[in-house]
Every structure is written in C-alpha cells, then in structure tokens.
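So that you can see what the record holds, here are the features copied from Swiss-Prot:
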SIGNAL    1-20  signal peptide
TOPO_DOM  21-654  topological domain 'Extracellular'
DISULFID  Cys104-Cys256  disulfide bond
DISULFID  Cys125-Cys145  disulfide bond
CARBOHYD  Asn193  N-linked glycosylation site
CARBOHYD  Asn219  N-linked glycosylation site
SITE      Arg239  site 'Mediates preference for acidic residues at subsite P1''
CARBOHYD  Asn255  N-linked glycosylation site
DISULFID  Cys266-Cys428  disulfide bond
CARBOHYD  Asn316  N-linked glycosylation site
CARBOHYD  Asn422  N-linked glycosylation site
CARBOHYD  Asn437  N-linked glycosylation site
CARBOHYD  Asn529  N-linked glycosylation site
CARBOHYD  Asn548  N-linked glycosylation site
CARBOHYD  Asn593  N-linked glycosylation site
DOMAIN    607-647  domain 'EGF-like'
DISULFID  Cys611-Cys622  disulfide bond
DISULFID  Cys616-Cys631  disulfide bond
DISULFID  Cys633-Cys646  disulfide bond
TOPO_DOM  679-704  topological domain 'Cytoplasmic'
MOD_RES   Thr697  phosphothreonine
Amino acid sequence: MDARHQPWFLVFATFLLVSGLPAPEKFVKDIDGGIDQDIFDINQGLGLDLFEGDIKLEANGKNSIIGDHKRWPHTIPYVLEDSLEMNAKGVILNAFERYRLKTCIDFKPWSGEANYISVFKGSGCWSSVGNIHAGKQELSIGTNCDRIATVQHEFLHALGFWHEQSRADRDDYVIIVWDRIQPGKEHNFNIYNDSVSDSLNVPYDYTSVMHYSKTAFQNGTESTIVTRISEFEDVIGQRMDFSDYDLLKLNQLYNCTSSLSFMDSCDFELENICGMIQSSGDSADWQRVSQVLSGPESDHSKMGQCKDSGFFMHFNTSILNEGATAMLESRLLYPKRGFQCLEFYLYNSGSGNDQLNIYTREYTTGQQGGVLTLQRQIKEVPIGSWQLHYVTLQVTKKFRVVFEGLRGPGTSSGGLSIDDINLSETRCPHHIWHIQNFTQILGGQDTSVYSPPFYSSKGYAFQIYMDLRSSTNVGIYFHLISGANDDQLQWPCPWQQATMTLLDQNPDIRQRMFNQRSITTDPTMTSDNGSYFWDRPSKVGVTDVFPNGTQFSRGIGYGTTVFITRERLKSREFIKGDDIYILLTVEDISHLNSTSAVPDPVPTLAVHNACSEVVCQNGGICVVQDGRAECKCPAGEDWWYMGKRCEKRGSTRDTVIIAVSSTVTVFAVMLIITLVSVYCTRRKYRKKARANTAAMTLENQHAF
C-alpha cells in the first residue's frame, strides 16, 4: 500500500509536537548501554593491542612513509563480507556517499582487481595504513563499530592517514600528560617526523576525525591530552564527520580538484549570484537583498551577524498583480548519476497563496530552449521563519534548476525569499523533523520530545523520540507505531534501516559536519519477555494518545542515550535561528542480506617488500622510493645520521670543524698557487731580460 495513504488522525498529528512526556525507562533499548565508547575504548575492552589503538601494522612490523606506491586508485574496490552485521553494511555504504560528496574518492564492488579492501566483522575496529598491496586488505568493523564516523576514520587509515596527534609538530598544540596514561600504552602517543607522517603543509587540526579524544588510554578520570587552547579541550576526538582540514589533506594527497557527487552551492554572497540568470519569459525579477521590511530581517546564511554581508534572493509579490511570475535559473549543470537532491531554505512573508514552483530545464539535441519539467509546487502559510525544503530530481541530461515565484490571489505584504541552495547527486532524506524554539526546550527539566508520525517508503509508520533529560547528553530513539498499512505489511518488520541525522546548517553542504546514527530492524531480535522486538506495535507496544485525542500503539524504542553531547550540540550550526532539523530516512536494506558472487582474483605476482631485507641503524626508517629501499635517517636540531644505513653520525660541531679545515686548506692551496705563480713569472722575466742584454751586446760589436 502507498505509504502516503494515511488515516486522518496521522495527517492531523503530522504537525504536532509532543513534549514533556518522558518515555518509560524500560520501553526503550539503548544500543550503547549509556556509554559513549570511542574506537579505542572498544578495542581495549576486547583486549586488542593494536598500534596506536586501531592500526594493523604490516607483517614486518615496519612503518613506512606514505608515497605514491601506498596510495589507492581513485576508485577503490571493496567487498562487504557476509560476517558484517546488516546495520554495519548500510552504514558503510552511507560513509562511501560522504567520501563521494566531499572528495574524488569512489568505491566500487570488487570485480577481480589485484588489490581490494575486504570489510568484515572482526574483533574491534581497525585498519592498515595505506595500500599495502596484499591483494585482500582487511578492514574490521566489529560490534559497536557501526557508526558512520568510525567507518570514515578507519577508511582514512586505509587511504594513508595516521592519527592527527602523532604528527611532528604535535607538542606545539597539545600537552601529553604521561603519568595519566595506562602503563604500557605510552607508545600510542609517539611522535613521527615528516619522513613518516606528512602533514601536507596543513595546520594542526583539533577538529580532525583522526584525533584522539582527551580521555584516550587514561588510567583514571583525568585527561591524557590537554589542548594548549583550552576551548578545544572538548572538541578533540569528535566522531561526527570529516573536518575541513581532513578533507584538505585527503584531496591534496589524492590530487582531487573536485568532488564526485557535489554539483552546486549558493548563499548569494557574491554579486554574480553563483552564475544564476533571470529568465526573459517572465513578468518580474528576483532581487538580491539583505533584508525585507515584512521579513525576513536577515538572510539564513549569516543570520544578520555580519555587517555588510548576508544576502538572499527575494520575489516581491506585494507590488505585483495575481499571476505575475519571476523565474531564476541556475547555471548549466551536467549530471553523472541520474539522481539529484536539491536543498534550499524558503521564507514566505507574502500571501499563503503565493507559490514557489521548482522546475528543471533539460537540454537535448535539437531543442535549443530545453524541456521544462515541473518538479515540485510549494505553497505554505507565512509563519515568520526560514523553512528547509528538499526536492528529489532524476535528471540524466544537461540541465538547469528553475525557481519560479508565482503571485497568488489575496493580499501580500512581502513575498518569497530563497537562500542557501545546495545541489548534489545524492539521495534526499525522506522526512524532516523541524524543532523550533529549541533552546527553550533544551533548557527545560525532565523534557522528552516526540516527533510527528511519519511513514517509510514501504509503508511502516514510525516516530522519533528525543531524550533531553540528561544534563550532559542528548538521546535519540526510533519507534515503530501503528499505522494505516499494518494489515498489509510483513511482521516482524524486516531489515529497515532508520538513519537519524542532526543537520549542521552550514550554507555549503561540503563544509558540514553531520551527527548521524543508524539502527536496523532485525526480524529475529527478541525482547526480554521473548516476544519479537520489531513485531506489530499493536501486539507488542503500549497505547498512547496523540494531542488530538486519537489513540495509537507505540513499539519499543531503539537508539542511544549518547547521540550527541550538549556541548557539541551547541557547536557548529546545529542550532540556527533557534531551530534544529533532524533528517530521517528509513530504507529497505534486505538486499544486503544476500551473499554476492565473489569473482576470482586476477592472478598477480607476490609483491616483494624491498624493506624486508634492509636494516636501518640508529633509528632510521626504511622507505621505498621508485621501487628501491632507502633509509630515512633521524635528525635533531644539531645532529643527524647519514650513510646508506644511517651508520654515520654528523653534527653542527663537525660541520664547523670541516668548514674551518676546508677554509684553511683552500687558503693554503691558494697561497701556494700564488707563490708559484709569482716565482714562475719572475723567472720568466729574468730570462727575457738576460736575452735582451745579450742582443744589445751583439749589436754594439757589429757597429765597430
């Protein structure tokens, strides 16, 4: 049955927010057990003794510099092994989409390539660093590792990244408190010089997804890492998303000049309005402004916080007659994937009958003006705030996105405004949960917030529960609820992955750090009483009442009490204009449960590790350059090692002695040369003088 066929009470309740009704503790299941475990906590709890906590070293135990030979191709083959949990498989595929959106790195199912990444459920979360040319290169996403930022972290290792705090200039930015580190774990805080870990001339990054947290390997309750800038104390160790510097380094390392699935972003700060054009076939124009008397008072990008900046596009319907239109068209865009997601913010200060139409103008051979296709009509009641919208597109040819403002009937005191447009070749979220006046809700005591009811694409009704009762963390849970389609659906609910994303409202989608969590409905999972956890809500749930008085059944919630800390929630642009957005997607991932046919590997010769036969002395590190093993020798401020195997020691004192000796030697040689030259010259002139004297004597003799 179509998921949009909802009973009247759900339609009515869609716009309602239930708050102040705490869920019974026993009616939610916390997948984290109330503990926010980092990668290193998980691995240590399993008794793993990995290099730096989550790195699997090569067989010879050596660390080598990341050079061209350690890089992967831009499209990396992978296999999702059958051992992986279903939720982990879906999370990994979502992580790949983050790489595609922000880098030129792509991933494809393995089809026999010589080297590929095998992702499996091992013990803990770990990876090797770089392409080790082993054929099948393992990367473990074990129990509790199925968080998207954890997957991003481990794949960054596989792509060649070390941990941020191990770089050579680490001590300029953080202080390692050695006596707070667990005995025997001190080596996890080693520094590696530039010959091992290349910072690519990018500043130290407190916000890196590759940085240890302040509590890494602690032997008590106090921090093992103290940031020299105190404001970053609770920032290090974030596991939300790539930082800007993570992306800068990754794109430099792999020579990325553009992102794969990103298409366009526009906040209208520049006068060229991102290459957009005003159509000639309309009766009015969109205007670039910084405020409108009737609203909005500021743009959405900067919220009026920056003087002489903060612009948006406005269609003034108050001065136009009914039926007037204004069309704003994007620059030409060239799709590659066949599906796109358009995102923008809309502010209506005009009439409730004013309308925004979203078109695509697709160009084909022989059609100069393109084919105009209506994608969405948006008509909303003016509520005095910016509203987020998503529009799914499916364009396969060269196209433009067209924003058409239409003056409707009735009185208007303002018009339509748009801002912060993003277009990418990604999937749009299925639903948006918009929570207004959030700081007031967040400041309340014993507060819980329920979302409106939603439907998945398969027809399952669900609701999200946000737990705000903790003074330190915010929790989030997914509930199945009774809906119009329950008689036609399969129960227990099989393999639906619910992804809940707290939106970072940065104007540019590439610079956002999303906070996201996914859970999957396992039809075999049981509750403590033996009933199926994801069975029909009317069978295993409890009865509740919507604000309009209509009863419904709510199943057990599944999620986490440590979705995000309150401190992180107040960072970035999660809360903007006192609004937050939770993006919701529920998709069927049952196809990931089947075993894919695995091709036979391409026959290859075993890769010879040239460093296996080279022993570098005095702490030197073996590297492979152009297929040859070389020793990179350590050096200090006034000393260094040199030689084929770093067997010779040098120092500035030796250099001074050599320089002085060389100078004296050169001076002595030059002096000798000068003396010899003078001697030879004088001897030459003496001979010439004697010859002249003899000639004069002979002439005198002939005269007589």
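For all residues, glycine too, the Cβ spot is worked out from N, Cα and C.
Given the structure is predicted, the values throughout are model-derived calculations rather than measurements.
The separation of Asn193 (N-linked glycosylation site) from Cys104 (disulfide bond), Cα to Cα, is 28 Å. The least crowded of the disulfide-bonded residues Cys104, Cys145, Cys266, Cys631, Cys646, judged by other CB atoms within 10 A of its own CB, is Cys104.
When the neighbouring Cβ atoms lying within 10 Å are counted for each of the disulfide-bonded residues (Cys125, Cys256, Cys428), the highest count belongs to Cys125. In the three-state DSSP scheme, Asn593 (N-linked glycosylation site) is classed as helix. Here the topological domain 'Extracellular' (21-654) has a mean pLDDT of 91 out of 100. Between the C-alpha atoms of Asn255 (N-linked glycosylation site) and Asn193 (N-linked glycosylation site), the distance comes to 23 Å. Cα spacing between Cys646 (disulfide bond) and Cys631 (disulfide bond): 7 Å, rounded to the nearest whole number. Ranking the glycosylation sites Asn219, Asn437, Asn529, Asn548, Asn593 by how many other Cβ atoms lie within 10 angstroms of each Cβ puts Asn529 at the bottom.
Its own atom aside, the Cβ of Arg239 (site 'Mediates preference for acidic residues at subsite P1'') has 17 Cβ atoms within 10 angstroms in the protein chains shown. Its own atom aside, the Cβ of Asn316 (N-linked glycosylation site) has 24 Cβ atoms within 10 angstroms in the protein chains shown. The separation of Asn548 (N-linked glycosylation site) from Cys266 (disulfide bond), Cα to Cα, is 41 Å. Ranking the glycosylation sites Asn193, Asn255, Asn422 by the number of CB atoms within 10 A of their own CB puts Asn422 at the top.
When the C-alpha distances from Asn422 (N-linked glycosylation site) to the recorded positions Asn219, Cys256, Asn529 are tabulated, the minimum falls on Cys256. Note: the CA-CA distance between Cys428 (disulfide bond) and Arg239 (site 'Mediates preference for acidic residues at subsite P1'') rounds to 23 Å. Looking only at Cα atoms, Cys145 (disulfide bond) sits nearest to Asn593 among the recorded positions Asn219, Cys256, Asn316, Asn548, Asn593.
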